[in-house]
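For reference, the structure is listed below as structure tokens.
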Amino acid sequence: MLNFLNICSKTRKSWVLLIFTVVILELIALYLQHIVLIKPCVLCVYQRCALCGIGIAGLIGTIAPFTPLRFFSIPIWIYSAWKGLLLAKEYTDIQLHPSPFFMCDLFVQFPHWLPLNKWWPSMFDADGDCAEYKWYFLSLEISQWMLIIFANYLIIAILVSLSQIIDLKKWNNK
């Protein structure tokens, strides 16, 4: 399996597939926000940013998948998936174990040099409540789905990373 993942990581199609999954998830988020009229909370917006990080990793991998440039994309992928997983876990905990004393941030906080909520407010501005149940699909809430999605992204990224290490060992033994 690791050999298969190593071979896939050297093809442009697999990196485009990674970007495609991110685009689909972002489009679903925008559909839920603008068509179904579910207001995103701060944690939702931060999870969108984590998805964008995975998309950027896919873009870097797509540029030159057969060169060592892909080694730069894998840590970005792992970091973004990990941060997304932590955010989704926090969001799920808020919804499964509500506290009357908890209140999520009212505004997203981006660095002053990257004010995404000002550049693209329809995507990165939050005005929803984290503790509010918003939407169910197959008996799971959005936060629970995102927990599953980010866990899968992280597992695949770690396996792809391991496949690169194994490939390097084969290269050094020749």
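Each residue, glycine too, has its Cβ placed from N, Cα and C.
Both S9 and Y91 are recorded by Swiss-Prot, but within differently named topological domains on opposite sides of the membrane. When you check Swiss-Prot, the disulphide partner of C44 from the set C41, C49 turns out to be C41. Rounded to a whole number, the distance between the Cα atoms of C44 (disulfide bond) and C104 (disulfide bond) is 11 Å. Look at C44 (disulfide bond): DSSP puts it in a helix.
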